[in-house]
């Protein structure tokens, strides 16, 4: 493709749409990041950034964080709701609550809180869903508005800690998920002499669509039914504590792709709110939970990896629906709270690593089979001869199917001992040559060709062996088929010569990325520049800032990767602010209760027993360095 342009690359990888303006492709074919929207012309080349970090001693893979993206996401979400409130003359405010389960890393939480440090009245709070998370937010919430929302299942200790938070000066909303939690709250609040701030999680009848739709609906794991909510109201009245009920919460599930689902959920929950007010409850906060989606594939659709709405539309719909319902019931408008963790964090982090090798099919000349060869091989040669003679378009599909059928028969004959290994190898090479030739002759404009084009792209794709663990760094790609944009970090100024799939370095056949953003859709292979052993080849995995770190596991004992915080200064200078070392081999051994110190003693015994004296020190040093080393491959330079 001599007419390839950078615009073709941008469209081919759909960068413009999924990146939200934070990532792009330069005119030189390099992937860049623009972390500071105030200075959009200040860009960082990710390829050069990674090489600089390696020179500074930071081994790949490395997770790179851009805190300025977090700041922008916080402020843009608050601004969207502020504008919607003004537009619809809504008579209350908006509070953004960050659920730290999405990414509990201290750097991430602190940067989110710092995003509104200059505001006189911050619009930020924190959410906890467990006792460890609550202990964290009790220490950090004073940097925000000191609002804490406590979700999740609770025991007496959890409730005591939440009530102690009130004594520490925080505004702590204890959201009741089960009816039994109310009894514990009443007892512990009386014992501590603290008036609790209570919330209810309503179990809506409406259920949104998506991978997390089980979070809503009548069979949801969480929340109270209408009858249970009435019981809570009655028990609070009996204890003269109805004024403590101040918040209504619901959650449709993460990554809600359709704005109509959000409207419908808010509408139903809004009526719960107004009915509670009519019963005398002092509810003044309306917590819509999560659900604000991330457009991972950039298609602006209702797919599980996308969303059919923008930020302004999201805020407008919530404010508009709630305004109308409150006016209908003649009830005061509550403060709106959202827990939009995925939206805040997904874009800020990129995993950068290197391709350590490839397995690629290269067309080879094939010679006709010997005259005495089985007839099957002669049939395959005939198909190839017909194809190389430039068969017409109508015959292409027939030739392809004949070749596939012949290959299956060849495998069957080999299994029966009727085909030699050399004959089987010839049949496989002949089939690959037919596939390669057919692939080049088919046209995507012909709808009958498209399924075969997809099939051949997958069959003939290069295998890129990439220095990372899918299970550690992209667990959702494996566990729930989540799509993450993947890009080579350079060479995009030239037309892609190959299609490839990315395989990790675990000893597991599931360690493969099998979905890729390609234009306005999802494909099973990715168009890429050809790999060369003579030059470094870096790959970026994007939008990995939400959930992936905390969900990652240590399959094959591949641990946490190195990470770095990178900021672009007002003068355009790139500043690598901090680097956090990933797990060493000794670290991951300890995680599974293996004693690295004891192992070292065993090594010494074995070395003394089996190794010559003049080699012992060197061998022991190698073993000790191995225990202290990175769990990933370290040959990139």
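Positions of Cβ are set from backbone N, Cα and C atoms, glycine also.
Keep in mind the model is a prediction, meaning the values are calculated, not measured.
Sequence-distant contacts of residue 101 (N6-(pyridoxal phosphate)lysine), defined by Cβ-Cβ distance under 8 angstroms and a gap of at least six in the same chain, are 127, 129, 130, 133, 341, 550. Taken residue by residue with DSSP, residue 101 (N6-(pyridoxal phosphate)lysine) is part of a helix. Per Swiss-Prot, N6-(pyridoxal phosphate)lysine is recorded for 101.
Mapped onto three states, the DSSP output places residue 286 (substrate binding site) in strand. Positions annotated as substrate binding site by Swiss-Prot: 286, 287, 288, 289, 290, 291, 292, 293, 294, 295, 296.
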Query - Assigned conformation of residue 296 (substrate binding site) - DSSP reduced to three states - result: coil
